[in-house]
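Novice: Have a look at this one.
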């Protein structure tokens, strides 16, 4: 079943590329069918997942030597999030006017999205550092064209900044992989390093390899001061591009931290963990203050993503059960909440033609259903108890407290600032004064938009009330990770 996860979106992208000139309904049906099929397969894999570390296999294409894949509990969670969000993106792209794609170019747009899904899925399932890097970089290409061709304003500049920043940073990761392969170090050959292989590497070399990996993933996450590409990319990207960028692509940074910094170089991660937590605290407070000062809705949500991913990086490098589970929980939670917020902002932009908060006031009276969704997801992003946002932040802070008590104050301040800028967003957009004629003739969200946002809301509430659904699923995996880490540390 696992190879189908890759083959289905690839087949969908191939089919869509030949549908130029065909009815729009056919293009949409093919795209939805491909994403729905991938989602169903991922659910099937999830339901049949074994109680061991994971599911392993090898995929062969046209007689060429295949690539190994491996699904453990972390991979499976990210795969499920990926297929679910792409399915909702397909529904939004076909039935919502939030994206505003020209009918004659729909086949290209949908084909790029399907190809992007295949690349992202490969990132989360391959068990090879070389292939991970290949697909990690390949995922930049569809997003580059999505921003460059279908974005707003300075979309070309934003697309190139996105590509240059992330691709250049990843070159250091490539150098680390090549160095490891040439000298047969075996550091990145599997998810977790072998003790005997690891002992043979001088500590200075390990630090150099760790730094290369860390920088590549810190840019992707992103962490301050490696963040400047993200706000511009979000503001200029089309709505569905922003949904996937925030919901999935930046999560590859956190995933890389776990796989390569913790899994490949655990002793260095132990030595530098407090440095990363301290850097995450600075990133959180800085991005939160910048978010509060924004006048553009999309820029505010973009900076809020940087703030929330600071909990992820700090939780991962707390190197304890609460912190790592909280970090992964936060990745899933933020994927759902940020996707919904960017959809809401995209709908407002298509209705009003602006993203400036002061020009979009009075939404409550003009679009009550959209206003309700905007308020709910803003509060979930702020960490309202009963939502998944609260659980992710709470567990991360608990883990950070156990690892580096000094920085907890910064994370508490960051949580308060999160509530402040989200309340400001609601105050100005939902309850603010509407410019005369701003919403004349503008309709509220349609049924399909309500279905998409409602589905995300249900999951956010479900994970907020029953966090054990994720926590109990992750605990065996986290136990194995920590056991591997401490074995190497004590060796």
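Backbone N, Cα and C define each Cβ position, glycine as well.
TrEMBL annotations: computationally assigned, not manually curated.
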Novice: Using TrEMBL as the reference, determine which range in 240-260, 429-449 is annotated transmembrane segment.
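Specialist: Range annotated as transmembrane segment by TrEMBL: 240-260.
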Novice: State the residues, same chain only, that lie 6 or more residues beyond the ends of the transmembrane segment (162-180) and have a CB under 8 A from a CB inside it; answer 'none' if no residue qualifies.
Specialist: 129-130, 133, 136-137, 140, 143-144, 147, 186-189, 208-209, 211-213, 215-220, 226, 228-229, 232-233, 256, 260
Novice: I'm a bit unsure how to read this: which one of 74-95, 107-126, 200-219, 272-292 has the highest number of Cβ pairs shorter than 8 Å with the transmembrane segment (299-318)?
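Specialist: Between the candidates 74-95, 107-126, 200-219, 272-292, the best contact partner of the transmembrane segment (299-318) is 272-292.
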